[in-house]
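According to TrEMBL, the protein carries these features:
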COILED    77-104  coiled coil
COILED    155-288  coiled coil
COILED    327-354  coiled coil
COILED    396-454  coiled coil
COILED    504-552  coiled coil
COMPBIAS  563-573  compositional bias 'Polar residues'
DOMAIN    18-128  domain 'Cux N-terminal'
DOMAIN    420-661  domain 'CASP C-terminal'
REGION    563-588  region 'Disordered'
TRANSMEM  638-658  transmembrane segment
Amino acid sequence: MSNTETESKKTEGGDTSSHVFGNALQTWVEIDLPSLQKKLDEQGIELKEDQKASLLSRKNLASKTKEFKKLEDSEKLNQFKSLLKLYQNEIDNLTNKNKMVENYFFGIYRSLAEAPDPRPLLEMSLDSVIESKETVSFRKEVDRLTDELAKRADYDNLKQRLLQNEQKAAELLSLKLNAKEDEFKSIIDEKESNWLEKENNLKDQIKIAQRQIEELRTSNEVTELKLDNQNKQTGRDGVSASTLAELEIVTRDAEASKKRVFELEKRNEDLRRELSKSQNDIEIKSIKEDYSKRVSELEGENVLLVANLNQTRKKLHDSDKEHASKTDSLNRDISSMELEIKNLKAQLDKASDYEEIKSELQLLRQIEFGHGDDDDDDDETGNANAKVDSILIERNKSLTQQLADHRAQHDDLNSKIVSLEAQVESSLAEVNRLRELNEKLENDLTNLQDVTSNNRFNDNASLISGMTRMTRPNGRNGSIISGQPGNNFGSGLGIVAEDSPSILPIITKQRDRFREKNNELEEELRKQLNLVNELKRQNNSLKKDNEELYERTRYLASFQTPGTRNITTTSSGRKFLNPRPNTDIESNPYQQSYESKLHPIEQFRMREQERINSRLSPLERLFISITRAVLATRTTRMLFLAYCLGLHIVVMFVTIYAMNLSTALIPEVGKNTSTGGIASNKVISDVSSGKVANPL
């Protein structure tokens with residue numbers, strides 16, 4: 001039932017999309033884009049020509065206005081009417097041009113207002129073209145895959161059986177390993193018991209042998225003394241025949257007992273192995289019975305599933321037939337509705353210029369009857385439009401008057417600027433001249449101070465340059481010190497000295513005060529400049545720190561903490577946890593500077609990342625946040641790397657240890673003196689080399 005519901009939803013979605021596509025196609029057919037483009041080309045050419053004509057007329061009007069301003073007041077009265085007429089003609093031309101542009105705009109707006117966006121339609125058509133090209137190959141591929149699927153319908157059953165067989169094999173292997181382990185344990189226990197018993201016997205035999213050795217040593221000494229005495233008597237070296245016979249008998253008994261012990265140990269090991277095998281066979285039989293029951297149950301379930309599958313296929317076929325019949329009926333309804341829509345749109349096209357004719361009629365009424373004849377129109381919307389048009393006309397007139405006033409003010413200001421520039425140039429020339437005179441005066445004062453250093457003039461005395469020029473020719477005629485022909489110079493100095501006490505001290509003191517004040521002001525200005533630079537630097541550093549803090553705050557606010565989450569539901573019904581908006585961060589004055597530094601592509605990438613994150617599930621977003629936290633700093637990355645390396649090393653050591661355990665349990669084969677392959681190499685080597693002490 002769920003499959004049929006999803007298919008019905010898909011068909012409804014396809015019907016709605018096809019309906020939207022049909023409506024959009026019909027709208028664009030009615031718009032007739034080629035004819036609209038041709039019409040726009042004609043209108044553009046016409047507007048371009050009007051623009052050129054308007055530019056020429058405005059230039060002519062500007063030249064006429066300049067000529068009018070240059071005329072005398074008596075001539076201005078005669079030329080005022082012609083200039084006013086030119087302005088009225090220009091205003092009428094602008095009004096007509098505005099009306100024409102409005103008509104063009106509303107004509108295009110009426111045709112394009114209800115038009116849908118062609119981009120998704122073009123994308124749909126492109127997808128349909130691509131799909132139509134690939135449909136044949138896809139159908140062949142679908143047929144081939146359907147046949148192959150029918151041939152491999154029991155793939156799931158085979159896969160399940162394979163899994164069951166693998167599980168059985170694993171269980172059997174584990175059972176065999178357990179059986180072998182039990183067998184080896186029993187053998188090892190038996191061998192250990194035998195070895196302990198043998199060890200005890202050997203210890204007893206060693207003790208007995210040690211006692212016998214002591215006895216034999218004493219008896220040997222006695223016999224050697226006897227033999228020495230006998231040899232001295234008889235003069236022959238030899239061994240007693242009785243002693244040799246006893247030694248041979250003892251060695252034969254020892255070998256026979258040793259063989260008997262080895263045979264008994266081997267028999268015990270075989271019996272223990274057969275006992276463990278018999279126990280394992282019983283367990284395997286019980287497991288086989290359980291598995292046979294499970295297989296029969298699975299076969300019964302398989303039969304039921306096949307029956308359910310056939311029934312589902314039959315229902316699906318019936319639903320396909322029903323869907324096809326519904327589609328045919330809906331297509332017939334759509335075709336009838338399209339015909340009806342075409343008829344209605346044809347009637348609407350016949351009355352498409354109703355609003356334009358109505359607006360033109362209202363404008364004609366306003367022009368013909370004025371503003372007071374709007375009471376004849378009973379329609380409220382018509383009155384509102386007439387009032388709006390009249391307000392626009394009055395506003396246009398006031399703006400035109402303001403434009404003329406501003407242009408006149410602009411010309412006056414330009415003339416004032418020219419005069420002020422001339423005054424500035426003359427002032428600069430005067431300043432330069434006075435500066436040169438000041439420098440010349442200072443140079444003359446310096447020279448005069450050097451000349452009159454021994455006279456009654458001090459360093460603070462200042463003379464004007466005209467007086468120095470007057471005194472210099474007289475000074476050349478004689479010496480200042482001898483006072484002979486230089487009396488003229490002395491008389492000149494006397495004349496200057498008579499006037500200097502009233503002027504020169506004042507000038508010098510004022511000059512000194514100005515210099516000191518200038519130095520103080522320069523020093524204060526330097527301090528203020530240093531202070532301003534320091535404050536600017538601190539302001540820039542604080543601004544930079546605040547921007548960095550704002551960026552970090554935005555970064556920290558992007559994390560989804562438990563206290564700042566809220567639940568939002570998307571159109572698909574899925575719920576997501578999103579952080580609450582932080583008003584302090586969003587209203588921060590540094591937000592604009594921070595966002596202005598971002599590249600537009602970076603901003604687009606951030607928006608795309610937010611859109612993608614909003615579609616992710618909570619687990620995926622949790623995984624992404626954990627990954628970002630791990631990769632955030634160098635410390636977390638190094639800790640994660642150390643964790644991965646440590647985990648791999650632990651796994652490798654565990655694997656190597658398990659392999660060593662498994663190889664240690666493999667029996668060694670090929671040694672003649674082996675007792676089952678379980679005894680240690682040391683014991684085997686001791687036994688094979690005969691290092692075990694002889695009981696005799």
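Along the chain as shown, residues are numbered 1 onward.
Just so it is clear, glycine is given a Cβ too, placed from its N, Cα and C backbone atoms.
Here the transmembrane segment (638-658) has long-range neighbours at 630, meaning same-chain residues at least 6 beyond its ends whose C-beta is under 8 angstroms from one of its own. Confidence over the domain 'Cux N-terminal' (18-128), given as mean pLDDT on the 0 to 100 scale, stands at 82.
As a summary of secondary structure, the domain 'Cux N-terminal' (18-128) carries 103 helix, 0 strand, 8 coil according to DSSP.
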